[in-house]
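Data first, discussion second: the structure below is written as structure tokens.
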Ligand code: GAP
């Protein structure tokens, strides 16, 4: 555990040191849970968005994209349920005066029990070696069984309380589980209270005419309210989807774990409109399609898992999360929800406008059902950084830090390194960049020893380093070094575009999606 925490800290400082992520307003001591993306971070983020957008809109003929405004009519948030029900249960510790999310305190407690179980299993594996039967061990080991029982009891009470918003039970659970405040170490808790997560501001110039508006807490509602605009102008036939990427804002109380839970973040959401009764078939389709999109990134199948929701929101008839193994455990990166006709019906009710579709094949009108896929750009960014970061020994006995990002998403695709800063080598390097910069994000790197420059590019995650040496001037060849294998090959300059293009193109990544 401590090892994982160390790794987490290292990765956060790596992100800062190498221009990926900076704390917002740093010179003013920062702004909690708000971050800025640096010169490499913003490139990586753009590439993530391109990968998602192209997978959605180019690989699916029946999915189109929109870009709706952040400000929306305030009635939308009444209709969607966010004004009345987008709340977190909060609890304060009377001694430390610190405020916590009651559900997060209990979730952390549950995660600790799971950790204990995993530790027992790891011990068993070590003890029994090859003959270890994990399933049997989990079903028979007394300590595992005891912890599993405790977990199930707390989990059941917790899910029920969350489902019906029973705050007294949440508080009682915190007391029963003897959860202490991490700061004061005491169990001196207040009651649990509701806290709405939406940021509000005013629109309009005079105090009389000003209207209370919200910064959107999700992009999805911009899709719902444009459903008919897109369907009619695009002559879309059901089933079809509308995709959108954009900022969302939530006044998160427990803001921690770096960019995992932010107050300003970005979502990539898609609402897929289907015939009523066909939603569970499409739910399965999008569950698999989205997992395959993640797997194509090559971060390892074992790092992903589905977490099916047992207790569903009142408007959903199926829901799952795609979770990624972060250093702080498996965490949600994407949600896939079968939202029935809840949102369209509510907008119909609140706006007084029909939100129905005429199905020419059935010859009837109906309110479509919706499957939603919703992923946070920042959480995907985080999973990529965690999955890609490695510390490895080099052949000369040193350790290198390397970010093995999928080449198509890497911020810089190639660095051109003149071996020495004289004899016409920098000029030759410039010539290569001058040609390749139309296809790839290139960088010239001529300071420090060649070894140091390799290390620097590895730390950024640049897939290829091209070294220009004296032989280059004689026969127009260079060495091309592969970031992951560290192998070098001598090739003609004219081959570079093809070799690099094969590996770093978005096309090559999109083709990996099964
Ligand atoms: N429209 C459905 C919706 O917004 P959600 O589970 O609340 O569902 C979807 O959010 C995704 O947005 C999450 O899986 C996560 O990746 C991302 N997300 C949500 N809150 C976030 C936050 N505070 N910081 C960063 N990402 C967040």
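Any Cβ shown, glycine's included, is placed from N, Cα and C.
Note that this is a predicted model, so its numbers are computed, not measured.
Listed features, source TrEMBL:
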- 101, 218, 265, 266, 267, 268, 269, 372, 373, 374, 375, 376: substrate binding site (BINDING)
- 158-411: domain 'Aminoacyl-transfer RNA synthetases class-II family profile' (DOMAIN)
- 250-252, 260-265, 332-333, 376-379: ATP binding site (BINDING)
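Mapped onto this structure are the features recorded in TrEMBL.
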| residue | record | contacts (Cβ under 8 Å, 6+ apart) |
| --- | --- | --- |
| 101 | substrate binding site | 88, 89, 90, 91, 253, 254 |
| 250 | ATP binding site | 197, 198, 199, 217, 263, 265 |
| 252 | ATP binding site | 33, 88, 197, 261, 262, 263 |
| 269 | substrate binding site | 218, 219, 220, 223, 243, 244, 245, 372, 373, 374, 375 |
| 333 | ATP binding site | 294, 321, 322, 323, 324, 375, 376, 379, 380, 383 |
| 377 | ATP binding site | 45, 48, 49, 52, 245, 265, 266, 267, 268 |
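The binding-site residues near ligand 1, defined by a Cβ under 6 Å from one of its atoms, are 250, 261, 265, 379, chosen from 250, 261, 265, 373, 377, 379. Per-residue confidence over the domain 'Aminoacyl-transfer RNA synthetases class-II family profile' (158-411) averages 94 (mean pLDDT, predicted model). Our reading of the substrate binding annotation (101, 218, 265, 266, 267, 268, 269, 372, 373, 374, 375, 376) yields a largest Cα to Cα distance of 26 angstrom. According to DSSP, residue 263 (ATP binding site) is assigned to coil rather than to any helix or strand. Of all the Cβ atoms in the protein chains shown, 20 others lie within 10 Å of the Cβ of residue 263 (ATP binding site).
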